[in-house]
Amino acid sequence: MHIQPILVALRRHKAGTVLIALQIALTLAIVCNALFIIHERVAHISEPSGVDEADLFVIANQWGAQYSTQETVERIQQDIATLRQLPSVQEASAANSYPMRGVGWDNFITMQPDQRAPTSDAAYFTGDENFLRTLGVKLIAGRDFRPEEVQNMGLRQNVATPVAIITKAMADKLFPKGEALGKTFYAMTSTPITVIGIVDVLHRGDVSTWSAPYAGESMVVPIRLAVPSGLFYIVRAKSGQLAAAMREAPKALYAENRMRIIDPKDGLLSFAQVRHRAFERDRGMAILMGIICVVLLAITAAGIVGLTSFWVGQRRRQIGVRRALGATHRDILNYFMTENLLISLGGLAIGVLLAFGLNLWLVTRFTLAMLPLTYVLGGVVILLLLGQGAVFAPALRASRVPPIEATRPA
Amino acid sequence: MLSYYFHLAIRSLRHNKVLTGLMVLAIAVGIGASMTTLTVMHLLSGNPLPGKSDVLFYAQVDPNPNGAASRHQEPPDKLDYQSAIDLWSKHNADRQALVVESPVKLSAPDVKRPPSMGMLMSTTADFFTMFDVPFQYGGSWTGEDDARRSRVAVISSELNDRLYGGVNSVGRTLRLRNDDVRIVGVLKPWRPAPQFYDVAGGRFSQGQTADYYAKPEDAFTPFYTGLEVNDGHFEQFNCWDAPKVPGHLMGAGCEWIGLWVELDSKAKVTSYRSFLANYAAQQKALGRISYADNTRLRDLMDWLQFNQVVPSDVRLQAWLALSFLVICLCNTVGLLLVKFLRRSGEIGIRRALGASRRQIFAQCLIEASVIGVFGGAGGWLLTLVGLGLVRRQPVAYADLAHLDVSMFGLTFLLAVLVSAFAGTLPALRASRIAPALQLKTL
C-alpha cells in the first residue's frame, strides 16, 4: 500500500482530518484516565475486610435509659448471652466499631511516648475475648485476649491497656525488621502497649481517602465499652442462617429489654450491606466513568462513520477511475482503512501527550495516582480498533463502487 | 428571508434524518452532561449568605503550647475553650457567635414517640441575627439567657414537623438527653448550602467534603446550656493533649469551638485583627501558647474557599463533562462540514443565481442553530434526568439538586452557542464554494 497518495488526498481534506484526529486525541486522553479512575475505585471497593462476611451482621444498639457503667456492662453481657442462645447464631461480641463501618475510631501511634510526628494512625477497635472469633479474623501469630485481660470502659472514661492485637500491615509498618510480637508501642497514652497477637487482615472502620496511607493498619485492645450509644453488637450466624438470625436477633433483644433504640433505617445491617454502603460513592463514580467512556467511544465512532461516508460519496468518481484502471475491491478497501489508520495514529500521538497531561493535572488537583503506561497502551489499542471498525462499513461501500462510475458525472 | 432560511434548514435536516439525529444527540448528550455537573457546581459553590458574606469573619488563633514549628503554617481550624471564651466575652465585634455541634438524643416528654438521635448546635444569641436565620414561631433567646445558662432551645422546622406536627410549639418542652429545655423559637425551613458555620478541616479531607452540605442542626441552645446538657458527647477537631474525660473538652488541650464575628466596616476588621494579634501575644507572654503570630481572620467566602468546600468528585465530574462537550462539539463540526459540503451543487446554483456569500453563510448558520435548539431541548431533558440521578446519590447535597431558572436559561443559551460555534467553520467553508466549478460538474 502506498502511503504517499493517501497523504496527498488528506491534504485536500484538512478540516475533516484535523477534526477526527482531535476527537480521537481527546477521547484517548479522557478514556484512559477514566479507565484508570475506574480501576482505582474498583480496587478500593474490592479491598479484603479480613472477616467472615457471608455470615456476619451488625446491630447498632443505643440504650434508652440511664445506666451506670457497671449496669451497662451487665446489660451488654445479658444481650450477648441472649444473642448466643438463638439457634441460628454462632457467636456474638460487643465492640466500638467494625471494619468498613464508613467512619471509625483511630489513634495516633508512636514508638516513643514523647515522639512528635506519629508513626501511624491506626484504626482502634475495642473488643473482648470473643471479638476476633466472632469476626472470623485469622490470627497468624501470638494469642487472643484472655477473659481476665478485658477491662470495662464507661462513658467519659479513659482506660489504658497494656496489650493489643495488631494487623500484619501495622506490624510491618511499626517494626519493619520483623518480629513485632512482644514489642511495645504507644497509642496516645503514656502506657506502653505490648503486641500479644498479630492478625492477617482486619480492615479499618474508615474507608475514605485520608486513611489510604494507613490501609489495613488496625489494632484491637481488650476493652469492653460500656456506653449508652456508639456500641455495636457483631453477630455471626451459623453458616447459611444469616437471614433467620437477622430476623430473630432484634426481636430477642427487644423482648429482653425494651429500653433501647435500634435505628429502623441502619440499626441492623448484614455485612454485605455494610460493604455496599461503605463504597457507595466509589461505585457511583466508577459507574459514571464507565458510562462516560462508552458514550464517548460511541460518539467518536459515529463521527468517524459520518465523515468517512461523506468522503466515500464525494470520491465515487475517483474510485470508479481507480477501479477502471485495475484496482481491486481489496485495494479500495485498504485505501480507506489505511487512511483511517493514519489519521488515528496522528490523533493518538497527540492523545498520548494529552492523556499524560490530563493525568498530571488530575494528580495535582485531585490526588489521583500516576497513570500507568499500560492504560495508555490499552486506550490506544481500543481506539485503533474502534477507528478501523467504524471505517469498515463505509470502506466496504467504497470498494463496491463499480468502475462504470468513472464515466458518470459526480 | 429568515423564515425562508428556516424553512430551508428544516427541509435539509429532514432530508438526512440519521445524520441530523446524530448531531442533535451529540449536542444533547454534551449539554446534558455539562449542565448536570455545572448545576451541581453552581449550587455547591454559591454564596450561602449573599449580601452578608463580606461582613462575617471566622477568627482563628493557634492555641498550641508546643509542637514543631513546621507543622503550624496555618492555625488549627477551631479554638480551644479558653481562647474561644476569652475572645467571645470581650464583645469586640458588632456581633459574635460561638459554634459547636454535637450529637444528641432528642425526645419530647408530652409526645408519644421513641427518642431519636439528632444534632445539637450550642451557640450564642447573636447566631440568628448574624446568619439571617428565619423564624416561623417565636424567636431567639437573649444574651441574658446565654449568661444565665437558661434551659431554652430553638428548633428546626423539620424537628417541629416530626415532633409536633408543624404546629406552634413555642413554650413546650423538649428533652435533650436527660434534661428538659423550653422551646422559645421554631425556624422556618432553612437550608444554607454549604452549612457554612460548621465548615472546618477541609484541607485535611482530601476533597471528600460532601458532608459540608448537610442540613442544619435539629436544635439550638445557648452555648453553656448545650455544654451542660450534652456533656461528654463533644468531639474535638484536634487535641495536643488527650482529654482526661473523653467528650468533656472544657479545659482540655483540644480545639473544638468555632468563633464567628460580624464586622461592619473595614476599620473594625483592622481593629479586630490587631485585637486577635494582641490576644495571642498576651497569651504567649503568659506562657499559655507558643505561636503568637499565627492568627487569621478570614471572611466567609475566603473561609469556604480555604476549606475547598466543593467536593473533589463534583469538580472532577464538571471538568470531565466539559471536555465531553468539547468532543461532542468536534463531532458536530465534522458532521456539519459533511452536510454542507455535500450540498455544494445546490449552493453553487444559489450563488450563481445571485446569493451573496454572506447569505449562504447566514443560511448555513441558521441550519446549525436549529440543530442547537433541538439539541438544547434534548440536553434539558437529559439534565433533568441527570439531576434526578444526583438526587438519588447517597450524598448530603442530594436534596439540593434542582434546575433553577438561570441554569435552565443557560442550558438553551449554551446549546445555541455551541451549535452556532460548531456551525461557523462549516458555514464559512460552504460560503467559499466557487459557483463556476460546481455548475460545471452538474
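Every residue gets a Cβ built from N, Cα and C, even glycine.
The domain 'MacB-like periplasmic core' annotation in TrEMBL covers A:27-249.
Sequence annotations record features per position, and here TrEMBL assigns domain 'ABC3 transporter permease C-terminal' to A:291-403.
Annotation source TrEMBL lists transmembrane segment at A:20-38 (among others).
Residues or ranges marked as transmembrane segment by TrEMBL: A:285-312 (among others).
Per TrEMBL, transmembrane segment is recorded for A:341-363 (among others). For the transmembrane segment (A:341-363), same-chain residues at least 6 beyond its ends with a Cβ under 8 Å from one of its own Cβ atoms are 3, 6-7, 10, 17, 20-30, 32-33, 36, 369-371, 376, 379-380, 383-384, 387-388.
Annotation source TrEMBL lists transmembrane segment at A:375-396 (among others).
Mean model confidence of the domain 'MacB-like periplasmic core' (A:27-249) amounts to 89 (pLDDT, 0 to 100 scale). Here the transmembrane segment (A:375-396) has Cβ contacts under 8 Å with residues 24, 27-28, 31-33, 35-36, 39, 297, 300-302, 304-305, 308-309, 311-312, 332-333, 335-337, 339-341, 343-345, 347-348, 351-352, 355-356 of the same chain, all six or more residues outside its ends. Sorting the domain 'ABC3 transporter permease C-terminal' (A:291-403) by DSSP state (H, G, I as helix; E, B as strand; all else coil) yields 99 helix, 0 strand, 14 coil.
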